[in-house]
Amino acid sequence: MGMESPEAKKWGLKLPATMSGTSLRLDTFSCSSSSPLSISNLSSPSKTNLSSPSSTSKSSSTCSDRFIPCRSSSRLYAFALLDKPSPVKDNNGVGGGNSINNEAYSRLLRAELFGSDFASPSSSHAGHGSGSGSPSIMSPSKNILRFKTDSCGPTSPFSSPSTLGGHRNELSSDTSTPPKPPRKILDAPSLQDDFYLNLVDWSSQNVLAVTRLCDLGPHDGVCSVQWTKEGSYISIGTCLGQVQIWDGTRCKRVRTLGGHQTRTGVLAWNSRILASGSRDRNILQHDMRVSNDYISQLVGHKSEVCGLKWSSDDRELASGGNDNQLLVWNQHSKQPALRLTEHTAAVKAISWSPHQSNLLASGGGTADRCIRFWNTTNGHQLNYIDTGSQVCNLAWSKNVNELVSTHGYSQNQIMVWKYPSLAKVTTLTGHSMRVLYLAMSPDGQTIVTGAGDETLRFWNIFPSMKAPTPVKDTALWSLGRTQIR
């Protein structure tokens, strides 16, 4: 590195010995998004230009190492000039003449290069000059442009539950625009687009199951998942018809139950009994306190069982099938107490009201599109509404008298309804395929939806509960958990 020229000392810049300070020129111009800012440097050993595109085209410059194609797409916010005094200029762009304040010059240079947001002067310049009107030479370890550390983006307002799948928060990397709330999305690779499966469930211990708990090998697969009410164990229905019980904490299988001949696509727990529905058209009831695979078999559907839900008091079990029937079973008979046939398509979506006993909601498939409300005491249909789309899931809010429905063909939407007025509260969109899976958070405020687009999306749709009731971990394993095998 050679000796510094007198011009370098005069200007406060470290210039090559062959470059004179008189070759520096600053041409100001207004920059728009359609007119990119071009900074050319080292185009000639004796000439350095800061110019507009029009003036640059007149020069014989070749390739530049400081070309910024577009301010809006470049991260210029992360750069700033060093807080060093700058040389003064006269009207001809040459040093000397009537001087201006160094701070004003620095502010002008910042504004021309980076916009008005960066024109504010430094808080202090004391101690930088080496004499009156003559700035000190820059230290070789300093740069004209300094890269600043990015500020941390806002944290997600949603505290994600622990999950057995990968997660993705889609944040914009361009912080030159106002920050946006992160999208609450989880990746769900290979989440199947199958109306008859139930592959997502959210436990009372805030753990989300999305079929990634276990690998059943090349000849079997997961068709349904359902947590116990206390959230410690999870049941899995398989393609070969088995029902497996897993310890969710240790990710260890503790029991395998047989009985079905083909895939087990739906599961439902009450406090003690696990009900499973299958493509073989049967419903089996399993009791973890006994060694038998199942304690009873319910026969009533003429096609695959795709919906199962226990009432909140554990006394009634509602089942929906691909035969368009909605059946209601009680504890005293192996024949259905009610056979409701108003639906004209498969009934997968079923939900019992937590606010009113014997109130059941059900939803029909593509050819039906209706949500129907039933009084299971007498079997009367209380009301119904045509949603315009295949009804895939229903869930009643435990905090307010509202329910949420998810839909498939043709709009793939999520809707919230008031009851009993059936006024639509809101419609949510985002999934690009049928919203086949639905689960609710333990606090009842957030739902998670899944679709064949291989994403799980979180929606905060319900208010908080005023007096939440803790779930007791006593009923299911009243004879001790050592009975599971």
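A Cβ is built for glycine as well, from the same backbone N, Cα and C atoms used for every other residue.
Annotation source TrEMBL lists compositional bias 'Low complexity' at 36-61. Feature annotation from TrEMBL assigns compositional bias 'Polar residues' to 152-163. Feature annotation from TrEMBL assigns domain 'CDC20/Fizzy WD40' to 186-459. Annotated region 'Disordered' per TrEMBL: 36-65, 120-140, 152-187, in sequence order. Residues or ranges marked as repeat 'WD' in TrEMBL: 298-339, 428-461.
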#### Entry: Integer mean pLDDT for the domain 'CDC20/Fizzy WD40' (186-459)
95
### Query
Under the DSSP assignment, what numbers of helix, strand and coil residues are found in the repeat 'WD' (428-461)?
0 helix, 19 strand, 15 coil
### Long-range environment of the repeat 'WD' (428-461) - Cβ separation under 8 angstroms, sequence gap at least 6
158, 160-161, 165, 183-195, 197-206, 208, 210, 231, 390, 392-395, 397-399, 404, 406-409, 411-416, 468, 471
